[in-house]
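Here is what TrEMBL records for this protein:
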REGION    253-281  region 'Disordered'
REGION    327-364  region 'Disordered'
TRANSMEM  21-40  transmembrane segment
TRANSMEM  74-95  transmembrane segment
TRANSMEM  107-128  transmembrane segment
TRANSMEM  165-182  transmembrane segment
TRANSMEM  194-211  transmembrane segment
TRANSMEM  217-237  transmembrane segment
Amino acid sequence: MKDIDDSKAPLLDHLIELRRRLLWCVATLLIAFFVCLYFAKPIFAVLVQPLLKAGQGKLIYTDIFEAFFVEVKVAFFAALMISFPVLATQIWRFVAPGLYAKEKKAFLPFLLMTPFFFAGGVSFAYFLTVPWALHFLLGYQGNVGGVTQEALPGVGNYLNFCTRFLFGFGVAFLLPVLLMVLERAGIVTREQLAASRRYAIVGAAGVSAVLTPPDVVSMLMLLVPLYLLYEFAIVAIRLTHWRASRRAASAASGSQSVQDAENVEGPEAPPGGGGLAVPGPFKRIARAGGQKVTIRTAQRPIFQMGSTAQKIFEIIFGRLSSGIRAGPPSSVRGADQGASGAVWRGQKRSVRTEPCPADQSRQG
């Protein structure tokens, strides 16, 4: 239970912390709002570019306060998008102390992905959907039965049209993040998502009908990306599971190999004395003055030896084991050799001594 913060604060402390975070959010939003209000006209000039590309160069307003409130809405719209990273950070700092370390590690990537997916949805709407929808809707202008139809969109109506598209597509593009969070929380599984494709299509159609203007083209331009994002979420969940299974298998095989290597028993040293490298990198047996010295190591290979270097190593190791005859020390320093001819650096060693059977029979 140590991977969670040890602060068991009472309810009043939580409310004080919540108030502090909300004050940060409100202050950030207000500062961004006043800055954007100063630049409201240039920001609105960016929003009307799709209308100009569609061939409509005129906007009207019929209410005397409409132009002012349009600038206020534009400033609030821009301030909300600019301050979103700060708002999300404050929310995370309020929620994070109540999460375990593994939960923080699991959900933090999704929090970081949210602004990128939202920006992707806004960009998709601004550069693709809004121009196409304007081109389609303004195409009804012209002579109809001797009567001239002319579109005179109001400033407020056009702003509502743009914000509806931009926010709608931005929120819709968060669908993969939402599905992956639900799967990580154990609420849904990848198999359930894959089996519910038909319901996903119906749900995407309903969301598209609500978030877009009442025309088929605009609805399809949100329906198709929404379903593709649903499929993308399924593939991303599958890829996440595959990577997690690979890491788990690698960790399991590594621990099993270390355990097996520590249990390896090799042949004894020859009666003439000297050292013998036992097959396997984790054990060596040296003959030392009537005693058999077993040295265990947990190691990693440093380099591969050729035949000449291997002979030199055996000579050095023989001298080392001769030094052990004078009196077996508590540990032996040196390099080890495995069956593959690799030199090993020991990380953890233990020495066990026991009488040699050949010397016992000779003494008897």
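Glycine is treated like the rest: Cβ placed from N, Cα and C.
Automated prediction, rather than curation, is the source of TrEMBL annotations.
On a predicted model such as this, the values are computed, not experimentally measured, just so you know.
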Among 107-128, 194-211, 217-237, stretch most in contact with the transmembrane segment (165-182) (C-beta, under 8 angstroms): 107-128
Beyond the flanks of the transmembrane segment (107-128) by 6 or more, those residues with Cβ under 8 Å of it: 50, 81, 84-85, 88, 92, 99, 165-174, 176-177, 180-181, 184, 221, 225
